[in-house]
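Straight from TrEMBL, the features:
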type: REGION; residues: 29-50; note: region 'Disordered'
type: TRANSMEM; residues: 130-151; note: transmembrane segment
type: TRANSMEM; residues: 207-225; note: transmembrane segment
type: REGION; residues: 236-256; note: region 'Disordered'
type: TRANSMEM; residues: 268-289; note: transmembrane segment
type: TRANSMEM; residues: 318-341; note: transmembrane segment
type: TRANSMEM; residues: 353-371; note: transmembrane segment
type: TRANSMEM; residues: 377-396; note: transmembrane segment
type: TRANSMEM; residues: 408-429; note: transmembrane segment
type: TRANSMEM; residues: 441-460; note: transmembrane segment
Amino acid sequence: MEIYAAYFTALTCFNLALFTRQHLLTRTKQSSHTSSEEEEEEESISLADLPNSPDKQAVWDFKRIYFGVYILAKAADWLQGPYIYTLYKDDKNLPEPTVAALFTTGFIPAPRSWDPWLIGMVGKRPVSDLFVLFVGRALGGVSTTLLYSVFETWMVAEYHARELGACGLRLGDMFSASVMLSGLTAIGSGVVGEALVKWTGSKSSPFLLAAVCLCVAFGGIWHFWTENLAVPSSSHSFSPSTEEKDHQQQSSTPAQATYRNILRDKRLLTLTFTTTAFEGSMYLFVFFWSPALKAARASSASARGILPENGGENVPGLPFGLIFASFMSAMMLGSMTTSAMNLTSNLKTSSRLTLHTVALAAIALVTPVLARSSETGVFWAFALFEICVGMYFPAISKLKSEVVEERVRGKVYGMMRVPLNLFVVLALGSTKEGEAYRDTMFRTAGSLLLIAFVVIARYLD
């Protein structure tokens, strides 16, 4: 427990130092900018510089209604993250293939895939409980798809509809802020979840708090979010009549046409493959980090002559919430580094950042295979992967916003997740007990990331 507290403290200190540096630099730039303006034009004061200017108020209102709901939805997701595997595996004593099947269900987008005859098989309580778990995971999969596609689509469309670019708000800053706030929320969720588990003695308590967060988020969306159709705003070159006509044509366009557009555009294909490789690896990491660290601790203890309980399957003392918070601190460190160095300012810098990130992530995922007996080595390899996650999302979001047309963004984003879900379903659907399969998955993920590196260098860099 103590060593992970030290890791968490170290990562938090790095984040605080980087945040303080960035904050001081921002204030210095603002002060120098204000001074130069006063020297040049003492009587000329821009409305955007006034504390209560309409521009600043519009930006603040937009951030408040979006991030308020976004944080609650993310908190619900992050509260469950550290405990899904251990709840199924350790508390409910489910075999690893069944746990993997539950994870896989979250990537199958339709509860209709359940055959009616399953309902007739739930006479016994254990089977009935298992059925409820599968239904819950299926609904969770639908929710996750919405969280990672609809939220961003709404934000981008609303950003253009409100013409916030003219107010000085950059879309890249919104993406970076989303990842940073997601990281902060995840850190807090990990700490709160760990405290809840210790207080209640149940790993189910974080799931109950997550349900409360979702209810509040629903209220925020219902009352504060406006409906948008993700069409170009009036500031674009389309006249109102043309815009309406384009939207009507897009609404009547079948999904096959969007698939054809993706297949014809090498940049979209590259983004789709990169999304599948990186985010697929991320979801595999979500499933395998707990057993990998447990196995590393068991191996490390065995090397010291200590025999863990049950051959290492129930190694005591792993604070999953604190470890998760440490990983999220690492992710936020990556996001803040991206923002501080302004690495997503344009298409070129974003593609270069994505290129380097996938290469570093490949190294991070292969390391646990090579250093499986070192708990410290495995932890820091995973922390490095989370740093890559923090750098990846602002970069890929910027790339998608530049490459994908706004009027088809929602459909394209949704279709990009199809191969991602298929990859995760196939990988987790064939899960077997033991370290051999886990090592195979880490190697596979690393190989796909290296292929993504080559493809990005060829078509995006």
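Every residue, even glycine, has its Cβ placed from backbone N, Cα and C.
Of the candidate ranges 207-225, 268-289, 377-396, 441-460, 377-396 contributes the most Cβ pairs within a distance under 8 Å of the transmembrane segment (318-341). Between the transmembrane segment (408-429) and the transmembrane segment (207-225) there are fewer than 3 Cβ pairs closer than 8 Å, counting only pairs 6 or more residues apart in sequence, which means the two stretches are not in contact. Between the transmembrane segment (268-289) and the stretches 207-225, 377-396, 441-460, it is 441-460 that has the most C-beta pairs under 8 angstroms.
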